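Enquirer: Feature annotation from Swiss-Prot assigns domain 'CP-type G' to 80-237; the stated evidence is sequence analysis. Residues or ranges marked as GTP binding site in Swiss-Prot (evidence: sequence analysis): N129, K130, I131, D132, G180, Q181, S182, G183, V184, G185, K186, S187, S188. Among the features that Swiss-Prot reports, Zn(2+) binding site is placed at C261, C266, H268, C274.
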Amino acid sequence: MNYLEFEVIWGVNNIYSILELKSKLIYEGIFKGKILETGCKEYSPLVPGDIVLGYVYGSRKVYIDKRVSRKNILWRYNRKVDLRQAIVSNVDNVLIVNSANFPEMKNFFIDRVLVVAEEQNIVPVIVINKIDKGISQRVEEFSEIYKNLGYRVLKTSVKTFEGIKEVKEILRNSRTSFIGQSGVGKSSLINLIDSRASQSVNEISEKYSRGKHTTVYSISFHSENWIIVDTPGIKEFGVETLPFENLKYYFKEFENFASFCKYKSCLHVSEPHCSVTNSLGNGISKPRYESYLKILSELKNYKNYAK
């Protein structure tokens, strides 16, 4: 049996569609045993972007033997099984898709993704979608906050095609994950960029009796120019792999003030003579600071599975 290297495209019920890296042929992969030993507790051992090694048997069938170490990972918390659940791995960019009006932008969600992206060396881009329906004042205000911090913010519409060219430029020659909550138009945006993605989603939905245009698991799409990963609508995004004392380094706006704090170990919470807390509303955004406090509290009470 040939022992080859593959990339995971998608999977359900421990049956995976995997791409052989040299021939670019699609194989069906399964675990030879009941589980794949990965050395950590998690709900889904394989996600799009994972590189695996396996033995070919039969006609395009593979026994998956090993998962290669991941360069990076994005994950969420699965409450049903009380475990972390990987979403995608080994990505270059993450596009954080939001609606310009409804559903309401969740700045706390954006801040969580930004922290993880920075910590995992993934380039984050904030996308404001559905701008043809108007942009709320709240969204405009947060867009300016993120722009002033140096984050790229794109405004897009699948109806007017605004911003689509810029999105394609980001995708070119890279692997990019689209992250966002349900209803923000994430999958519609992907389908406009690559029509083959829509066809693939429909075929998979029909095969597994899922609703069309509803992403219930991560799926990657390969083209000559890019690799796109569509992900399920996410309510809770995992951050708990980060040591709590390091969180402050991933809030860019703190950098210009932290050196003036009395204590080098200052966490910018209730310490005396803290330059960060003294600058709230004057260089430090209050909503961003509230996100910092929420995430910090979570990290101090992390789950063991996240380490």
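Here the Cβ of each residue, glycine as well, is placed from N, Cα and C on the backbone.
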Enquirer: Using the recorded Zn(2+) site (C261, C266, H268, C274) as reference, state which further residues of the same chain have their Cβ within 8 Å of the centre of those residues' Cβ atoms, listed in sequence order.
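Expert: Along the chain, the qualifying residues are F257, A258, K262, Y263, L267, V269, E271, H273, S275, V276, T277.
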Enquirer: Mean pLDDT across the domain 'CP-type G' (80-237), rounded to an integer, is what?
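Expert: Across the residues of the domain 'CP-type G' (80-237) the model's pLDDT averages 87 on the 0 to 100 scale.
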Enquirer: For H268 (Zn(2+) binding site), write down the residues of its own chain that are at least 6 apart in sequence and whose Cβ falls under 8 Å from its Cβ; none is a fine answer.
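Expert: Same-chain residues close to H268 (Zn(2+) binding site) (Cβ under 8 Å, separated by 6 or more) are K248, F254, A258, C261, C274, V276, T277, Y292.
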Enquirer: Pick from N129, S182, S188: which of these binding-site residues has the biggest number of other Cβ atoms within 10 Å of its Cβ?
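Expert: Within the set of binding-site residues, the most crowded position is N129.
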Enquirer: Based on DSSP, name the secondary structure state of C274 (Zn(2+) binding site): helix, strand or coil.
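Expert: DSSP assigns C274 (Zn(2+) binding site) to coil.
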Enquirer: Pop the Cα-Cα gap between C266 (Zn(2+) binding site) and N129 (GTP binding site) into the table, whole Å please.
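Expert: Rounded to a whole number, the Cα-Cα distance is 38 Å.
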Enquirer: May I ask you to report the DSSP-based helix, strand or coil state of N129 (GTP binding site)?
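Expert: The three-state answer is strand.
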Enquirer: Tally every other Cβ atom lying within 10 Å of the Cβ atom of K186 (GTP binding site).
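Expert: Other Cβ atoms within 10 Å of K186 (GTP binding site): 26.
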Enquirer: Quick one: what's DSSP say for G180 (GTP binding site), helix, strand or coil?
Expert: strand
